[in-house]
């Protein structure tokens with residue numbers, strides 16, 4: 001009993017000391033700590049429900065404003081040369097609202113992504129100042145897919161998930177999402193979680209690392225297979241191909257071949273590789289409707305969220321889906337019909353611009369890090385967050401609409417982490433030197449180290 005009381009006392013003293021250190025730290029460090037851990041919680045609890053996905057980004061936004069107030073000069077956004085790409089996104093959204101056939105409805109539709117998607121890149125980019133931050137954010141992704149995967153296993157065994165009590169849908173797992181679109185979530189969230197291999201290899205040999213990775217990630221793959229999402233399978237396959245594209249200096253056709261093999265294996269595990277299922281998919285009809293709507297308003301579009309109203313006004317109906325279907329199940333067609341060709345161009349400049357911006361900066365530094373006999377894995381982890389964003393663009397070929405809140409939020413979070421890591425990462429020859437020594441980041445050089453940083 002005495003030992004227990006002594007242990008409790010020691011813990012309380014440690015907590016008090018941490019609280020005092022936090023209270024006495026400079027304001028910039030204090031608000032950075034609040035911003036970082038609130039964003040960390042956003043990633044780790046992402047599948048837990050709409051309430052948390054609505055509230056947590058607003059909490060982060062509060063801390064972001066306070067952080068900018070005390071540390072704007074050293075913020076990532078101030079030093080980001082590619083900031084005009086965000087203006088292109090803004091122009092696309094404005095076009096989708098102002099030139100809509102129903103301005104009020106489109107405004108509500110587009111604004112729904114404000115606190116769930118559009119602010120997340122700015123939050124996420126400020127949360128990476130060093131390799132420790134990157135590792136922590138990767139662990140948040142790992143934790144999220146692990147517990148959501150276990151939720152899928154529980155649902156398969158009991159018929160209901162243990163978070164919300166949702167049943168399976170048409171024999172497919174839904175996890176805590178109440179729909180099998182959880183397959184898209186788990187696929188996209190798994191991608192930065194793949195950096196677990198790099199993290200474990202810093203401490204273990206290949207076999208223990210492989211066993212630990214398998215033990216940690218198998219529930220997520222079980223959920224991916226059980227949800228039966230072909231677009232999720234495409235995202236995972238694209239991720240493997242993109243990794244080979246980034247990390248290999250050999251022939252790039254191998255990355256395409258590897259991605260194709262990975263896609264086939266995942267589809268086989270889902271039991272959804274049958275050609276007749278692909279041919280009879282209702283998306284083909286939805287794409288035709290989206291194209292017809294685009295042709296009616298080719299330059300400035302019909303407006304955000306107006307897919308259903310627009311195709312009904314033309315007297316069209318889906319061949320296989322319900323008449324109430326609200327989107328064309330294609331990211332690019334959704335952008336095209338809603339914003340027209342002009343808005344689509346601005347939107348693609350934003351999306352492809354950050355893809356190319358990240359690729360140009362990450363690939364040479366990743367190759368240098370891999371060739372240097374590294375102890376640092378800074379660019380390895382950064383690469384997986386970049387892949388998480390780019391794989392979303394592949395996932396979007398068959399999935400959802402641009403303003404789908406949780407889907408947009410996850411992509412923007414991954415993109416923001418990638419941006420912050422690139423801006424705060426070692427540059428040029430410095431990358432090779434830091435890869436051999438282990439990299440702590442500019443924050444340690446520019447600011448006094450704090451216990452919460």
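Cβ from N, Cα, C; glycine included.
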**OP:** From the ranges 163-181, 182-200, 277-295, pick the one that TrEMBL records as transmembrane segment.
**Re:** 182-200
Subject >> Remote residues contacting the transmembrane segment (182-200) - C-beta distance under 8 A, at least 6 residues beyond either end >> reply: 46-47, 135, 137-139, 141-142, 144-145, 148-149, 152, 172-176, 208-209, 212-213, 216-217, 220-221, 223-224, 227-229, 231-233, 235-236, 239, 243, 377, 380-381, 384-385, 387-388, 391-392, 395, 399-400, 406-407, 410-411, 414, 417
Original post:
Given the transmembrane segment (336-357), which of the listed stretches 47-68, 80-100, 106-125, 377-398 has the most Cβ pairs that are under 8 Å apart from it?
Top reply: 80-100
Subject >> Intrachain neighbours beyond the transmembrane segment (80-100), with Cβ under 8 angstroms and 6 or more residues off its ends >> reply: 106-107, 110, 118, 121, 125, 300-304, 306, 335, 338-340, 342-344, 346-347, 349-350, 353-354, 357, 419, 423
